[in-house]
Amino acid sequence: MQLHDFGFINYAVLFGYLAAMLLVGVYFSKRQKTADDYFRGGGRVPGWAAGVSVFATTLSSITFMSIPAKAYTSDWTFIIGQYLAIAILPLVFYFYIPFFRKLKITSAYEYLEARFDVRSRLFASLSFMLFHIGRVAIITYLTVLALRPFMGIDPVVLIVLISLLCIIYTWMGGIEGVIWTDVIQGLLLSGGAVLIFIMICFKVDGGISEIFTTTAQADKFFPTTQWRWSWTDSTIPVLMIGFLFANIQQFTASQDVVQRYIVTDSIKETKRTLITNAKLVAIIPIFFFAIGSALFVYYQQNPSLLPAGFNTGGILPLFIVTEMPIGIAGLIIAAIFAAAQSSISSSLNSISSCFNSDIYTRLSKSSPSPEQKMKVAKLVIIVAGIFSSLAAIWLVLSDEAEIWDAFNSLIGLMGGPMTGLFMLGIFVKRANAGSAVVGIIVSIIAVLAARYGSDLNFFFYGVIGSMSVVIAGTITAPLFAPAKQLSLDDSETSEN
């Protein structure tokens, strides 16, 4: 097997896609008159488009490459996480969306001040912003890491290219530009996954039936050994618990997803957002896992095509640039770029919305004008993008190891307390501002103890972080002043 040059045609396809994304940003820049337009889309976004955007946002380029690699090297057990995202929809429909819609928020964390006080709001917002600056850096870093052996471009140049493009069209187009580029990117990465699987099927002797027969014989779907309980390994019971809390965090306490609930003009359209996302989640991830199984069978039949000592984390890009036709390979690499950019642009816009609402507007002595809000919003996107890019470059130059485990630990440390605060506020009526602060402190201590003082699997960190807030906040509530009267009954709205 010989790696061939990426080639002019593939580069032309890739840069054609990148230029198209810029044009989308230019188009929607004309609609960004106010901060409401910039962060809420003026309520003009249809539910189905917001749903595709949620799907594209949560399916990063790392998912695009790591899921096939996971199925190639081990099994399909991680698909459980996709279906738990669907299972929590009733919870989101009936308990969370009414609060977010009634308060007419820009930032999800405005709810926490309405329910508790400004301390909870600032903690959650700052945690989100810091986490997503790190997330953007890691997504960029891991994408470049996977692509650089095949594209012949310096990794620092790749980082600058990805980051600069995302900053520009996010800066210009606001949330509308982000969502509509997400729609294009979501369709591209979904279509890319289906196309890759079909093409591998044609290359495998015996086709699709041989792929699934061999995968089953190798016990690479849901191995019986994975059904056991473990405190340290990512077995199926652990994945079910861990992904349940990870999805609750993503869909109830993360600004990049919650922001999609408020860009539509009604609760009906917001629910359509989540239903559209659920339909995509039910179908598309199957193709990513099937790609991994198909590659496993293909390289079993053609072992000479796999370089000795090859890092199987890049198994999908390897197949794309060595086995797929010229032009098609460029399109699929564009899909990987699309998966990265959809997550990055969403993070940048949501960081900006949090800073603008929770820090700048909330802490200003006088109410900022719409023009001032817009200037700050665009400046924050640039600054957050630069910091994320510099962090990604540092990761490349320092050749950091264990970055994925550290990333998942960070999710538990920062995402767990945020999720717990929303759960405490919505489900524990007697919880108050003081008990919420106690819950945050206990949660941080508990997650740090689990991370550095035990061998617990990192999937437990989010569970510990969330439940520590709820338990400590409930127990200590009688020690503080009565809670603000903001309940589910108060959230009733006349929206259709």
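Note that the numbers count up from 1, one per residue, in the order the chain is shown.
Cβ atoms here come from the backbone N, Cα and C positions, even for glycine.
Swiss-Prot annotations:
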- A56, L59, A339, S342, S343: Na(+) 1 binding site (BINDING)
- T58, S60, T63, Q82, R135: N-acetyl-alpha-neuraminate binding site (BINDING)
- D182, S342, S345, S346: Na(+) 2 binding site (BINDING)
- 1-7: topological domain 'Periplasmic' (TOPO_DOM)
- 30-46: topological domain 'Cytoplasmic' (TOPO_DOM)
- 60-76: topological domain 'Periplasmic' (TOPO_DOM)
- 93-116: topological domain 'Cytoplasmic' (TOPO_DOM)
- 145-154: topological domain 'Periplasmic' (TOPO_DOM)
- 200-235: topological domain 'Periplasmic' (TOPO_DOM)
- 293-325: topological domain 'Periplasmic' (TOPO_DOM)
- 357-374: topological domain 'Cytoplasmic' (TOPO_DOM)
- 397-403: topological domain 'Periplasmic' (TOPO_DOM)
- 428-432: topological domain 'Cytoplasmic' (TOPO_DOM)
- 454-457: topological domain 'Periplasmic' (TOPO_DOM)
- 480-496: topological domain 'Cytoplasmic' (TOPO_DOM)
- 47-59: transmembrane segment (TRANSMEM)
- 77-92: transmembrane segment (TRANSMEM)
- 117-144: transmembrane segment (TRANSMEM)
- 155-172: transmembrane segment (TRANSMEM)
- 175-199: transmembrane segment (TRANSMEM)
- 236-252: transmembrane segment (TRANSMEM)
- 273-292: transmembrane segment (TRANSMEM)
- 326-356: transmembrane segment (TRANSMEM)
- 375-396: transmembrane segment (TRANSMEM)
- 404-427: transmembrane segment (TRANSMEM)
- 433-453: transmembrane segment (TRANSMEM)
- 458-479: transmembrane segment (TRANSMEM)
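Across the structure, T58 (N-acetyl-alpha-neuraminate binding site) and S343 (Na(+) 1 binding site) place their CA atoms 7 angstrom apart. Under DSSP, residues within the topological domain 'Cytoplasmic' (93-116) fall into helix, strand and coil as 16 helix, 0 strand, 8 coil. Nearest by CA distance to D182 (Na(+) 2 binding site), out of the binding-site residues S60, Q82, R135, S342, is S342. Fewest other C-beta atoms within 10 angstroms, among the binding-site residues T63, S343, are seen around T63. Apart from the site residues A56, L59, A339, S342, S343, the chain places the Cβ of F55, T57, T58, S60, S61, T63, F64, D182, Q185, G186, L189, A338, A340, Q341, S346 no farther than 8 Å from the centroid of the site's Cβ atoms, the recorded Na(+) 1 location. Beyond the transmembrane segment (155-172), the same-chain residues lying 6 or more positions past its ends with a Cβ under 8 Å from any Cβ of the stretch are 18, 21-22, 24-26, 28-29, 32, 140-141, 143-145, 147-148, 178, 181, 337, 340-341, 344-345, 348-349, 378, 381-382, 385-386, 388-389, 392-393, 396-397. Sequence-distant neighbours of the topological domain 'Periplasmic' (60-76) (same chain, 6+ residues past either end, Cβ-Cβ under 8 Å): 138-139, 142-143, 146, 189, 193, 219-223, 226, 285, 288-293, 295-296, 312-317, 335-340, 342-343. Of the candidate binding-site residues, S60, T63, S345, S346, the one lying closest to A339 (Na(+) 1 binding site) when CA atoms are compared is S60. Close to the recorded Na(+) 2 site, the chain also has S53, A56, T57, V178, I179, T181, Q185, Q341, S343, I344, N349: residues not among D182, S342, S345, S346 whose Cβ is within 8 Å of the site's Cβ mean position. Taking every listed stretch (236-252, 273-292, 375-396, 433-453, 458-479) in turn, the largest tally of C-beta pairs under 8 A with the transmembrane segment (47-59) is reached by 273-292.
The transmembrane segment (77-92) and the transmembrane segment (273-292) are in contact, since at least 3 Cβ pairs between them lie under 8 Å (pairs 6 or more apart in sequence). Sequence-distant contacts of the topological domain 'Periplasmic' (145-154) (same chain, at least 6 residues past either end, Cβ-Cβ under 8 Å): 3, 5-6, 61, 65, 161, 313-314, 317-318, 320-321, 333, 336, 396.
Counted with DSSP, the topological domain 'Periplasmic' (293-325) comes out as 24 helix, 0 strand, 9 coil. Spatially close to S346 (Na(+) 2 binding site) yet at least six residues away along the chain are S53, T57, V178, D182, D256, Q259, judged by Cβ distances under 8 angstroms.
In this entry, T58, S60, T63, Q82, R135 make up the residues listed for N-acetyl-alpha-neuraminate, with the farthest two CA atoms of the set 20 Å from each other. Counting Cβ atoms from all protein chains shown, L59 (Na(+) 1 binding site) has 26 others lying within 10 Å of its own Cβ.
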